[in-house]
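So that you can see what the record holds, here are the features copied from TrEMBL:
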- 5-57: domain 'DUF1858' (DOMAIN)
- 108, 109, 110, 111, 112, 113, 114, 115: ATP binding site (BINDING)
Ligand SMILES: Nc1ncnc2c1ncn2[C@@H]1O[C@H](COP(=O)(O)OP(=O)(O)O)[C@@H](O)[C@H]1O
Ligand SMILES: [Mg+2]
């Protein structure tokens, strides 16, 4: 018989000691186990953060104890929802699906680090041995190819599709830059052309077998995000925010759009959370963290809080993002894969 799990125990300690309780948290709609908040928050605190009805806390505790003791619980496992308009044959779990998970990286605002989070998430997933592709959905302002130093014109694959470029670490990349004569050539396209380019990047590119296809999106809630949400077999969205962004409500627009289109938010990432000096002093340059509010608004876990690091900017500009290593990004990727595993 396991020791009794109580509301004041730290979530991380509960799930580490009794892994069977992870499904109970998620079955009750609490993503805290894959959340940075869960590392220090109690069961009661996590429940409050996620606006869990207090009257259901007793049943949650009962189920956690039942799971820890290998007994029957009141919950049934949940299936991850897919984006609206997705043909059922393409939905997750279909036997012929070569791309296992399609995940979009979104934020209402530009310059918040969407492309950087996409790139570094891809790098960490690749280090875990996963097959990863990046579809650069920012047609008019692509930045992924530059970050990975991938250059070259598109070629035909053995199957007659478009062969993606490959980064040094083996990440498959498709970006509008590949189709321009000069990287600096502008793409002066209206919405429908942008939408059709994104669809073609998905369907005409020979991605092969992938564990994850990450779709980097431009800011805003118009053509590109709408196309990705409605026309691609999307499994989930990662929302990127920064501390001061919540005040502008731009991130809220983005979250509302995903929810209106019945998309699934995998988690939120707070970028540029703080700056740490070599002596370990922390400065919250853009204000204090809004991680808990984001979790409350989305009902999704906080996958990571990322510091400002000038080394990162230098490596990105030099096309050497794959040489960057920091614990935060490994944690981000681990929280991301854990959340998706549990949602399945
Ligand atoms: N945590 C960070 N530390 C240092 N530089 C960052 C960080 N996040 C983003 N940047 C830099 O800020 C700029 C904007 O980031 P980017 O990922 O292009 O934003 P977005 O795709 O949201 O427009 C880039 O030059 C990027 O390298
Ligand atoms: Mg970008």
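Note that Cβ sites are derived from N, Cα and C of the backbone, with glycine treated the same way.
Source: prediction; values computed, not measured.
In this structure, 111 is the one among the binding-site residues 108, 110, 111 with the smallest number of other Cβ atoms inside 10 Å of its Cβ.
Sorting the binding-site residues 109, 114 by the number of other Cβ atoms within 10 Å puts 114 first. Under DSSP, residues within the domain 'DUF1858' (5-57) fall into helix, strand and coil as 32 helix, 2 strand, 19 coil. For the domain 'DUF1858' (5-57), the model's pLDDT averages out at 81. Under 6 Å, Cβ to nearest atom of ligand 1: this is the test, and of the binding-site residues 108, 109, 111, 113 it is passed by 111, 113.
Sequence-ordered, the extra residues of this chain that approach the ATP site, with Cβ no more than 8 Å from the Cβ center of 108, 109, 110, 111, 112, 113, 114, 115, are 107, 219, 240.
In the vicinity of ligand 2, defined as a Cβ distance under 6 Å, the following of the binding-site residues 109, 110, 111, 113, 114, 115 are placed: 114, 115. Working note on the binding-site residues 112, 113, 115: by count of other C-beta atoms within 10 Å of each C-beta, 115 ranks first.
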